[in-house]
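The feature domain 'SIS' is assigned by Swiss-Prot to 58-221, with sequence analysis given as support. Feature annotation from Swiss-Prot assigns active site, proton donor to Glu86; the stated evidence is sequence analysis. The active site feature in Swiss-Prot is assigned to Glu117; the stated evidence is sequence analysis.
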Amino acid sequence: MTNISLDKLVTESRNENTKNIDRVETLEMLKMINDEDKKVAEAVEKELIHIAKAVEKIGKAFLNGGRLIYVGAGTSGRLGVLDASECPPTYGVSYDLVRGIIAGGESAMFKAREGAEDSKKLCIKDLKNIDFSKNDILVGIAASGRTPYVIGGLEYANGIGATTISVTCNPESEMSKIANISIAPVVGPEAITGSTRMKAGTAQKMVLNMLSTGAMVKTGKVYGNLMVDLKATNEKLVERAKRIVMQATGAKREQVERILEETNFDVKLSIFMIESSLEKMKAKEILDKNKGYIVEAIKEIS
C-alpha cells in the first residue's frame with residue numbers, strides 16, 4: 001500500500017463551491033454540478049500534448065502487432081472496459097486488440113470487490129493471463145494516481161520493456177512518475193467530496209475516447225470522419241453502413257446496396273471499389289497492399 005495521505009490529493013479535497021449543495025433547490029443543485037463539469041474539457045485540453053504522444057505510440061503498436069490494454073479499479077476500471085468493448089463494433093477490430101482489465105475481474109464491473117485494488121501482484125497476474133508483452137501498450141487509470149493494483153501493472157510493464165501511460169487527475173502522483181507518458185487532467189475537487197466517478201471519471205472517459213479513437217484514425221480505420229471498418233451486425237448498423245458508403249462516394253443507394261452485398265458488407269472495400277471503379281479482387285489487392293488506408297490506395301491509382 002502506498003503511503004500517500006488522502007488530504008494531499010486534489011481529488012479528495014473539499015469543494016468550496018458546493019458546500020451548501022444539500023441546502024438548495026434541485027435546479028440550483030444541478031447548476032452547481034454543471035458548473036463543475038464545465039471545467040473538465042478545459043483540464044483535458046491542457047493535456048493534449050501528452051495525449052498526442054500516447055496516440056502516436058498506440059498507433060505504432062497497432063501497426064506492429066501490439067495491443068492497447070487498460071487497467072484500473074472501480075470506476076476507472078469500468079471506463080477502460082467500456083472503451084475497449086466499443087472498439088470491435090465501431091472499428092471492426094478483434095476483441096483482443098483493445099482490452100480492459102478491472103481489479104477483481106468481470107464481476108467487479110457490476111459489484112464492488114473491496115480490497116482488489118490494494119494488490120500489486122493481482123494486476124501482474126491479470127496481465128500474465130492475457131500474455132501481455134513488450135509489444136503492447138499499458139494504460140493505467142486511477143483518479144488518485146496511487147492505486148496499488150494499477151501501480152503494480154505499470155511497474156511490471158516497465159520491467160518487460162512495454163510502453164506505459166498513466167491517466168490520473170492528481171499532478172505529480174506516483175503513477176505519473178512511473179509511467180513513460182503521464183496524462184493528468186486536474187479537474188479540481190469534486191462536487192461531492194471524493195466522488196471521483198464525477199469530474200475525474202468524465203475526464204478519464206474523454207481521454208480514453210481520444211486514445212482509442214486517435215489510434216484508430218492513425219491506422220486507417222477512418223476515412224474522412226467516417227467509420228469505414230464498422231461491422232454491420234444489426235439492422236441499425238446495416239443502415240449506417242449504407243449511409244457511410246453513400247456519404248463517402250456520393251453514389252446512389254441502389255449501387256451502394258449492390259456493392260455492399262457483393263463485398264459482404266465490407267464498407268471500406270465497397271468505398272474503394274466505387275471510388276476506383278475497380279472490380280472486387282483488384283480493389284482488395286490494392287487496398288491490402290496499402291494496409292487498409294483508402295487515401296493511400298486512391299493515391300496509388302491516381
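Glycine is treated like the rest: Cβ placed from N, Cα and C.
In this structure, the active-site residues under consideration are Glu86, Glu117, and the one with the smallest number of other Cβ atoms within 10 Å of its Cβ is Glu86. Spacing of Glu86 (active site, proton donor) relative to Glu117 (active site) is 24 Å (Cα to Cα, whole number).
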